[in-house]
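Working notes, beginning with the structure itself.
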Amino acid sequence: MINELSARFGLDKELPSVIQLGLAFMLVFTGFDTQAYVTETALHSISLREPDRIGPHAGYYGLSITYLTFTASTFFTPLIVGWIGAKWSMFVASLAYTAFMTTFVLVNNYLFYAMSAVMGFAAALLWTAHGVYMREITTAGNASRNSGLHWGLNFGSLLFGGVMLILIFRITGQSQVMSMEVITYIFEGLSVFTVLSNILFFLLPDFSERSASSKANFCTTIGRTFALLRDRRMLLLSAMFMYNGLILSFYLSIYPSCLSFSKSLVGVGNEIIAYFALVTSLGQISGGFFVSFMSKQINGFGYLPTMLLAIPINIITFVGIFITFPSDANMRTSTGPTILPPNLFIWLFFGLLLAIGDSFWNTIRTAVLTGLYSKNSSQAFAEYIYQNIYIYIRTPSPESARFFHML
């Protein structure tokens, strides 16, 4: 069916699959990324009312558990992807994302931390399979276009999540401290998006070539993964992967918490997280489509030009955040002093720049690994995940999050 539509509209055969994959990721991360923005604030609100139910910084610790199991799982997720295929691996992982959304209705320390560990495995499986699937559907010369288009569609997720949060906060009028009723509305609403993603992943075309002779055993898969550690190109890429992990931890957990906990602006409550979701969606979409467009318009516009744009954007963003937020804003409600006066539009502008920079790095990473490691794509993406998340798990906890106020 997809091939028939492609022929009818004059599209290359891989483009519809890229679009469907991007839409599936958009839906699953409408749920997951939006919850990542509000989890610490939501759990902090629950802890204020019921301190025995869950800790005030459980959101940070839950992310650490998620990405600890994420890191460990990368050693065997290539085996699973090779066994059941990239499409079905993504479908199974998306089911776990849906299950995770529902746990917030009955949340407590034990349930939240257990499901955080399950999410680590699901995330490793999803992203390893994503890299393999992108390699399966991408032909020579289209890596940057497909990667940019996929990421642009993917981060439309934050647009839908942001609109949903704004509606909930305005209808309930609870934007300072969330009640359990509002938290239930938020996470039940987000679970609808993940269920829709389950359907799209299920309907993806399957390009995997699986046979009894091609299924690598566990030892072979692990051997290939560790062999990449000695690859000169992978060693050079490691610095970028670890830097991506730093950006990821700041972008998904620390900066949204800073926005929520900073009370220097009178009349601005937790709806600022919804505004942040909207501007980051705009940044991710515009960044992804910009790289995709430029790679087709300018010969040679690829990895290096994109990187040279991403680095100064990151520098400006981190310096700006450092001078406009209280030093303890990531930890607790704060009205502490800042070097420059706090301003809502400036905070959101830095969120926009943060998203554009992250989009550039994501596009570079996917295009590089798809192009360089087409024969060992699952191991290559697992290696990226391992190095990226090794850095990530060292930063979301409230103690280590202070590191970002020294950048």
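Easy rule for this one: first residue shown is 1, then count along the chain.
Backbone N, Cα and C atoms are what each Cβ position is placed from, and that goes for glycine too.
Listed features, source TrEMBL:
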TRANSMEM  21-38  transmembrane segment
TRANSMEM  58-81  transmembrane segment
TRANSMEM  88-107  transmembrane segment
TRANSMEM  113-133  transmembrane segment
TRANSMEM  153-171  transmembrane segment
TRANSMEM  183-204  transmembrane segment
TRANSMEM  234-252  transmembrane segment
TRANSMEM  272-291  transmembrane segment
TRANSMEM  303-325  transmembrane segment
TRANSMEM  345-364  transmembrane segment
Contact call for the transmembrane segment (58-81) against the transmembrane segment (113-133), three or more Cβ pairs under 8 Å: yes
Considering the transmembrane segment (113-133), which listed stretch of 21-38, 183-204, 234-252, 303-325, 345-364 counts the most C-beta pairs under 8 Å: 21-38
Cβ-Cβ under 8 Å with the transmembrane segment (345-364): same-chain residues at least 6 beyond its ends: 144, 147-148, 151-152, 155, 240, 243-244, 247-248, 250-251, 255, 259, 262, 272, 275-276, 279-288, 291-292, 303, 306-307, 309-310, 313-314, 316-317, 320-321, 324-325
Intrachain neighbours beyond the transmembrane segment (272-291), with Cβ under 8 angstroms and 6 or more residues off its ends: 33-34, 37-38, 41, 144, 147-159, 161-163, 165-166, 169, 251, 255-256, 259-260, 306, 344, 347-349, 351-360, 362-363
Among the ranges 153-171, 183-204, 234-252, the one whose Cβ pairs under 8 Å to the transmembrane segment (21-38) are most numerous: 153-171
Distal contacts, the transmembrane segment (153-171) - CB-CB under 8 A, six or more residues away: 19, 22-23, 25-31, 33-34, 37-38, 182, 185-186, 189-190, 193, 269-271, 273-278, 280-285, 288, 355, 359
Annotated stretches the transmembrane segment (183-204) and the transmembrane segment (234-252) touching (3 or more Cβ pairs under 8 Å): no
